[in-house]
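Asker: What TrEMBL records for 1-21 is signal peptide. Marked as domain 'SEA' by TrEMBL: 166-273. Residues or ranges marked as domain 'Ig-like' by TrEMBL: 274-352, 369-466, 471-561. Annotated domain 'GAIN-B' per TrEMBL: 842-1003, in sequence order. Per TrEMBL, transmembrane segment is recorded for 1007-1033, 1054-1075, 1095-1117, 1129-1151, 1171-1199, 1220-1240, 1246-1271. According to TrEMBL, the feature domain 'G-protein coupled receptors family 2 profile 2' maps to 1012-1270. Per TrEMBL, region 'Disordered' is recorded for 1326-1346. Residues annotated as compositional bias 'Low complexity' in TrEMBL: 1326-1340.
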Amino acid sequence: MKSPRRATVCFMLIVIYSSQATLNLNLEAIVHPLILHEHELAGEEPLRQRRAVATRSPAAEEYTVDVEISFENASFLEPVKAYLNSLSFPIQGNSTDRVTDILSIQVTTVCRPAGNEIWCSCETGYGWPRERCLHNLTCQEHGSSIQGHSCSCLKGLPPKGPFCQLQGDVTLRMSVRLNVGFQEDLRNISSALYRSYKTDLETAFRKGYGILPGFKSVTVTGFRPGSVVVTYDVQTTTPSPELLHKANEQVIQNLNQTYKMDYNSFQAVTSNETKFSVIPQVIFEGDTVTLSCENEVLSSNVSWHHVERRFDIQNSSRFSIYTVVLNNMTSVSSLTIYNITQGDAGEYVCKLILDIFEYESRNKINVLPIRILANEEMKVVCDNNPVSLNCCTENNANWSKVEWKQEGKINIPGNPETDIDSGCSRYTLKADGTQFPSRSSGTTVVYTCEFISAYGARGSKNIKVTFISVANLTITPDPISVSEGQNFSIKCISDVSNYDEVYWNTSAGIKIHQRFYTTRKYLHGAESVLTVKTSTREWNGTYHCIFRYSNSYSIATKDVTVHPLPLESNIMVDPLEASVSCSGFHHIKCCIEEDEDYKVTFHMGSLFFLAVKEVNRNQVCYKHNFKANSVSRCSRTIDVFCHFTNAANNSVWSQSMKLNLVPGENIRCQDPVLGVGEPGKVVQKLCQFSNVSGSSGGPVGGTITYTCVGSQWTETRNSCISAPINSLLLLAKALIKSPSQDEKLPTYLKDLSVSTDQVKHEILSSPGSLGAIINTLDLLSTVPIQVNSEMMKHVLFTINIILNKPVLSTWKVLQQQQTDQSSQLLHSVERFSKALQLGDNPSLSLSQENVQMSSMVIKPSHPKTYEQRFVFSEADLWGNVVIDKHQLGNLQPDSSIVTVAFPTLQAILAQDIQKRNFANNLVMTTTISHNITMPFRISMTFKNISPSPGETKCVFWNFSLANHTGGWDSSGCHVEESNEDNITCICDHLTSFSVLMSPDSPDPGSLLGILLDIISYIGLGFSILSLAACLVVESVVWKSVTKNRTSYMRHVCIMNIAASLLVADTWFIVVAAIQDSHYVLCRTACVAATFFIHFFYLSGFFWMLTLGLMLFYRLVFILHEASKSTQKAVAFFLGYGCPLTISLITVGATQPRDVYTRKDICWLNWEDTKALLAFVIPALIIVVVNVTITVVVITKILRPSIGDKPCKQEKSSLFQIGKSIGVLTPLLGLTWGFGLATVFPGTNLVFHIIFALLNAFQGLFILLFGCLWDLKVQEALLNKFSLSRWSSQHSKSTSIGSSTPVFSMSSPISRRFNNLFGKTGTYNVSTPETTSSSVENSSSAYSLLN
């Protein structure tokens, strides 16, 4: 054929045919894969490509042939295309030899002249391959090419092909709206309506979209509301918008009009891929990020959307959208996000719209924070050594650079080194003292490392560097030379106040414990002072004062010389005390354990004698033969001292040796070792100087007491300590003064357990050895170091031996000599328990026959209930300890709880102060390694080994009681539950607990205890009501009964007595109810309640005293008349002033020592301070005074006048007065007379019952006999509430008439009352009229007595 440049038009068509030729057909000449040859003749059909497809029969194959046709006349193109479109396929071959069938013929490429160029365009459904678009010039063609798709037109025909190719299949996700109402059956794919819609719509869709090139299928996928929105998928090649619109029109034409399809609602989303790229791939906060969306569809209608934040992105200061078409073949839209934040993270959608087509692509981005790892604070010592500041990022990214900056008062630059691959940067400093201004040590400079990414992100970290100049230390300049027993101190001063640690070391590198030195800092420096109160030879050496700053040390040294000199406690004297005949002599000596060059003299007053040195194995003794005639006179006591002087001219005195000079005739006992003595003389001798033999382990310790009985010295007490135990005791005393306590304590505890085991048989008969072991444990427990499990094993092993049952008899002997030994042992155990550190072990349990221990470490992340059980099968005792996990959550992390249980310790712990309560159960000690700052609750259960009728108390061992010798105390503890099997105690603090039995007090649960409680509560309640009624009655009749001065003062006293007792009883019953309910009353509230009860009960007594004194005054001091205001002032001073003074003095004298109240109830203390006497003594004095006043008054009344004789009326008066006395006695304190008897131990229970009854009904007595028994009160009440005038008059006449035999003017007793009040003379007793004054006087006298 002719060249395309000379042709008017040419086009290519593709022919697909099926051939059934035999396999030996030679096709090589016509098959040319992907190669196009030009041919001169039109219609020549070389084969371009063979494509195997599905054939109609196994013997048939399909072939695709590209055919090029050229025309000189362009008008031929359309008729040819029309002809080809009119053909019906397949076209069968020759009728005689049907070898080949033509399946389809499609026009693919059309080339037309355009000026001097030829433009080749692709037909619908076809497009140029991408490699052709990249290597050929493109053109813009608007004919039948597909708009919006890239590269549909090329300039010039490719010389070697390929031509336009059939586009790949796409799936169009389409939707269209039907303007009909939505029915719910359209959601159900099984419904008839759904199937009907689906069938009708798919039929119309197939007819309409069948015109699309490459159409394969259409499927309805569902319906949704809005009227009815139909969603369906069309599988075809990419169609042009014009052809798709034409197909949509065909769909509507082929669909029943009842569906009311909306033509304008067609939408299509293609499945072709859009390239979505994000730069950078790893995004940090602050980066500039570019999101690019690339599509082969040529359109600039692109939108961006953020899914999570639900907003369409527009151009702004932080977002920039730019869309461009590249080379007429690709649409590219870029979204740039400046300074991105974590809020910008999420899914982004790029949407390109062309006509009804939507091309959508999504991508999700993450925004990472820049995390930089570095030490935020550092300390750098300016010693010219290099120090590196390091910064590293957690994220491995391509950082462009790392910058270092600094900010501060001083400028110390460094050298940066950055390894981009590892993401780390190092800044090396080299600081020296020249870079510091004066006194600038401790200045902080902030260094900042900043990582910068290639896309603009910046992340920084501040490192605060504190520069510390090297400290210049100044130490005590004077040489330190001391002797043993003396004190010394070393002061170390630094000119720098910033340091990490200050400590002292010995020259051997042993760190001195912090208890020996103090450290303080001030503005421009610091100082540390090492203080040794009692120096020993161990302190001899060189000491280093060390100030540490980070890894730099400033050290100052000081030499200490300690000269040998025995301590006073280590000088053993003999004798301690001895008697010497006035004409005799006695050997005296002082011994020490080391042989040093000492000058030793014996001093007696102003006399002194040189001593003679004698070395005996491990001892060096200095002796002197004392002669009695060396002193001026006999029959006196001489104190002799040893005086040791060392080479440094320091000296020490021994304890005194008492020598009693006695005449020879009084001497009865003589012994060469003990000396002479008078009958009954008692002397003590150190065991090592007596006949007790020592051992290789060292001298024995302790003393022996002898008494001169008859003519022989008799041993009365042996407190000797075995040699091994005595050596350990001496070592323990030295240890607490030693600088090497930490290293030595484990060895000492092990040696103590071994030595105790060796002498356990000796302990049975040696209270001294037992006491020495306890003292040794006590001393070792004060060493402030942590105790490990191995050390605790040795402690418990030692305790197990000394608490063995056979040793209990030795304990009793020991406690007769030293009463606080058991308390001392318990305190030692608590100190060891608090110092116990379990290390990595979460718990530890140790068990011995006479002691058991359990412990647990509190883990704050998973606290669990602390519950321990102890069982001693041999002693038939058991106990439980429980602390709730909520209580443990309040404790410091990694605290240790330790509980130690003893089955025999209760037998040796002292009884309570009154010697009537005793512990007969387990003693369990619970401690916590850290101090408790919040309220605490512990529950303990003990086996009830002896249910008894006595009271059971939960108690703890209070070390501060009994002058700090210890005693049982029940404060903060109560019995939660008690039955025949066990007793449960609840306490609000920690220490050593047990159960206390009180046989003299009734058990609260017993019948007698319940009876006393009923009497107290009911009686006090009735008493309170009676006192309130008394006050009401007095206020009602006040005007009627206070018409004269005497009656007025009497009723003032009665009202104040009632008011005081009312307040006191109210306080008493409220506090008792709270404590009986087992509620813990805080200490302050208990003190306040005790104070007010004390004050108001005393006020009641003092108002009773005021009443008695007023009666005495009215009957005895007849001629003296005081005003009403004076009497009131004196009465109120006595009634309230005196009680207030006594109460304040009592609380002020006892409360500072916390012994104002009792430990178990809110009332005045008796055991420790006898504070109860501040109530009992005034009450008893008032009772005695009032009884005396009563006797005086009765004597005055009954004393007959001259000429008067007793008669029957006088006998009747005596009866009335006797009745008044019988009432006044309980009113004036008989109740508290019985109350005092209940304080003392062994009181009979009858006194408890009588006291409870009298105290309970005291208010009722006052109401009846102090108020209602008064006739004037009765008359006033009858007048106030009379039913008729007759009853009122009758009561009045009856009252006067009934009193006439005793108190009328004609009565002898009445005349004596008048004489007492100063009314003398004779009255006319025959007159029936009674004057008002006589009636008033008689009523007043009667009222006073009642």
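Every residue, even glycine, has its Cβ placed from backbone N, Cα and C.
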Asker: Any chance you could find the range in 1095-1117, 1171-1199, 1246-1271 with the most Cβ pairs under 8 Å to the transmembrane segment (1054-1075)?
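Answerer: Most contacts with the transmembrane segment (1054-1075): 1095-1117.
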Asker: Counting by DSSP, what is the helix, strand and coil composition of the domain 'Ig-like' (274-352)?
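Answerer: Output for the domain 'Ig-like' (274-352) reads 3 helix, 45 strand, 31 coil.
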Asker: In the domain 'Ig-like' (471-561), how many residues does DSSP assign to helix, to strand and to coil?
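Answerer: Residue counts for the domain 'Ig-like' (471-561) by secondary structure: 6 helix, 54 strand, 31 coil.
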Asker: Could you count the residues of the domain 'SEA' (166-273) that DSSP puts in helix, in strand and in coil?
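Answerer: Taking the domain 'SEA' (166-273) as a whole: 42 helix, 34 strand, 32 coil.
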Asker: Tally of helix, strand and coil residues over the domain 'Ig-like' (369-466) according to DSSP?
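Answerer: Helix, strand, coil within the domain 'Ig-like' (369-466): 3 helix, 58 strand, 37 coil.
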Asker: Between 0 and 100, where does the mean pLDDT of the domain 'GAIN-B' (842-1003) sit?
Answerer: 78
